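For reference, Swiss-Prot has these:
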ZN_FING   45-74  zinc finger
ZN_FING   93-120  zinc finger
ZN_FING   121-147  zinc finger
ZN_FING   148-175  zinc finger
ZN_FING   149-174  zinc finger
ZN_FING   177-199  zinc finger
REGION    269-293  region 'Disordered'
ZN_FING   301-318  zinc finger
Amino acid sequence: MAAASNSAPLDPKLGRAADFVRPDFHQVNLDLENYLKTERNFKLDADQQICPLSITPLGCPLPPSQCPYRHTTPSQLNFKPPPPLPAHPREREKKLTVCKHYLRNLCKMGDNCEYTHDFNLRTMPVCIWFVKQGKCELGGECLYFHPRDRRVECPDYNRGFCVLGPNCPRKHIRRRLCDAYAAGFCPDGKDCKLAHPSPNRPPAESYINPIPPDPEAFNGPPPQLPAGYGRWREYKYDPNAVVVPAAAWVEGGSLSGWRAGGFLSANARRDNQRNRDNDDEGGRGSGGERKGGWQKDLSTVLCFRCNQYGHFANNCPNQYVPGDRGGGRRRE
């Protein structure tokens, strides 16, 4: 059995009973972990979970019981610089697209996922439909940034007082006064996050709100058609294009294509129309018998909702059949 080491001090009143009254396994390091990290080269901890000061020569000033991060030996795969972005625009957009399975805590790829697991809306591109129409059909599921407030900061409030008060059309952001700046000099300068009130009157340009971005200037894919779904080289955004619903496995699926169908690009629509024409010609030439393309045998398809063969889960006719709907038991 692997030994465990915990450097947390014992409670003088509880002693060893503290492990049972208030168990804390945050700083427990097993010998098996060191073996997997050093010998098998496994990455057991994320970079955000390890205390960066604990691996320095000076060490962390906080004891392990008070530090919110883990004091453990990192693996060789930890603290590696991120790989450079690919040169192809489609592959680059794929690396910048947030993994939809990661948002639902269902991604099993981990660091090997081809999509990013760093979800920060302010680093995402601006949603062109929200800028142009003032709303987005995806709402909270949209992975692009919705700039709801494009007002500038009130320069008078930053100086110390605004006569308009809450009726001011500009933003009032409360900041604490920088003690070093009030004393005469702040070494951080413009990078300081505290307030640096200026005695001079602000210029007239500081009261003007920024110009909203032009939707025509965006060359990236819209929210319903991100990179990784469809062909980037053959895709051109057209706001007047007709959206055609398609199956989830057809080229050009949207963010919700895995559950409610996707969207076909122009090439996919052209190919589908050509297939329909060929099917019609084949049906007329063979006495009315229709010759379609390859079709999956439904007798081999198992519905994960009702556990019966013969249909897909999105076309399940047994809506009221009890059982393991969606594999909930397996996830437990």
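The backbone N, Cα and C atoms fix where each Cβ goes, and this holds for glycine too.
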Beyond the flanks of the zinc finger (149-174) by at least 6 residues, Cβ under 8 Å: 195, 197-199, 202, 206-210, 212
Please give the average pLDDT for the zinc finger (148-175) in this predicted model. 81
Could you count the residues of the zinc finger (148-175) that DSSP puts in helix, in strand and in coil? 8 helix, 2 strand, 18 coil
With DSSP, how much of the zinc finger (177-199) is helix, how much strand and how much coil, in residues? 8 helix, 2 strand, 13 coil
